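> Sharing the feature lines straight out of TrEMBL:
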DOMAIN    14-273  domain 'Protein kinase'
BINDING   L20, G21, D22, G23, G24, F25, G26, S27, V28, K43, K53, E100, D107  ATP binding site
ACT_SITE  D147  active site, proton acceptor
Amino acid sequence: SNVFMCLAAFLQKYVELHLLGDGGFGSVFAGYRLEGKLPVTIKHIPKDKVVIKHKDENGSELPMELVIMLKLASETVPHSAILSLLDWYDLDQELILVMERPMFAEDLLLYLNERGNFIEESEAKVIIKQLVEAAVYLQNANIFHRDLKVDNVLIDSSSEDKQIYLIDFGLSCFDDRKQHELLCDLQGTPGHIPLDWMVNSTYRAGPTTAWQLGVVLFEMLHMTRFNINTYISNNLTIWHWLSDDCMDFLSKCLIGDPEDRPTLEELLCHPWLS
């Protein structure tokens, strides 16, 4: 059968090792390509778990995550913060996505935990700058990640420049610059839901991404997870020993009204990052 041939093709090319993570939308394994022993990440996505689907011209449905990874793989200039899709296999009940795996990268959440949940402002700046650049790149490709958070960022601490990678496009969608309706069963992570989602139940890609960048920055510098309720009740303290530029950048990302938040391009040109 076709499924068997697909599985055989996968097994001839790749070896699957240990489980890296198990989310609501599938499981992720470390592995390597037999040829050249290239390290890879292998993601199994059960088709019945796919929430966001994309219909092509022929009416056939594919998970949005795959469609977005394919679009990113076809971009003329790839982005260093986005791991490329190497292969994919359709096995009837599930899809297998194979992506490159940076050997020494770990997720930012773990990285922070290992450092007592605190890193210096100068290091946070190096990380955020790369994230803002990646966000602008995605925006130019009309892609909205929608679930930007420390758990979905990998960092290679062995590299001089602390190379980061933005992972997990499982909640992503294409962005037509309009309001997105809130997906009831799919709200991303509570702390990372911008205020506008709670107030209007609709949101736009740019302001949402700016908010999520602010949450990532807050969590890197404040030894605690961001809490939207503390924020709403005005009890969220931004530490005063941060530089003025950093405090300005952070508070602008977390402006309540999405219309008043800076655009991603504005964030990139912010004095703190220049």
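Glycine residues also receive a Cβ, built from the backbone N, Cα and C atoms like all the rest.
Because TrEMBL annotations are produced automatically, they should be read as predictions rather than curated entries.
As the structure is a computational prediction, the values presented were derived from the model and not from experiment.
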> Looking only at D22, D107, D147, the recorded positions on record, which one has the least crowded Cβ, with the fewest other Cβ atoms within 10 Å?
D22
> For the binding-site residues L20, V28, work out the Cβ neighbour count at 10 Å and name the residue with the minimum.
L20
> C-alpha of V28 (ATP binding site) to C-alpha of D147 (active site, proton acceptor): distance in Å?
17
> How big is the Cα-to-Cα gap, in Å, between L20 (ATP binding site) and the residue listed as 'active site, proton acceptor'?
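Per the Cα atoms, L20 (ATP binding site) and the residue listed as 'active site, proton acceptor' stand 19 Å apart.
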> Across the domain 'Protein kinase' (14-273), what is the average pLDDT of the model, as a whole number?
88
> Expressed to the nearest Å, what is the distance separating K53 (ATP binding site) and D147 (active site, proton acceptor) at their Cα atoms?
17
> How far is it from G26 (ATP binding site) to D147 (active site, proton acceptor), counting Cα to Cα, in Å?
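That separation, Cα to Cα, works out to 16 Å.
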> Using the alpha carbons only, what distance in Å do you get between D107 (ATP binding site) and D147 (active site, proton acceptor) once rounded?
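Checking the Cα atoms of D107 (ATP binding site) and D147 (active site, proton acceptor) gives a distance of 14 Å.
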> Within 10 Å of each Cβ, count the other Cβ atoms, then let me know which of the binding-site residues G26, K53 comes out lowest.
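Looking at the binding-site residues G26, K53, the Cβ with the fewest others within 10 Å is that of K53.
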> What Cα-Cα separation, expressed in whole Å, is found between D22 (ATP binding site) and the residue listed as 'active site, proton acceptor'?
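About 16 Å separates the two Cα atoms.
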> In the three-state scheme derived from DSSP, which category covers D147 (active site, proton acceptor)?
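Assignment for D147 (active site, proton acceptor) reads coil.
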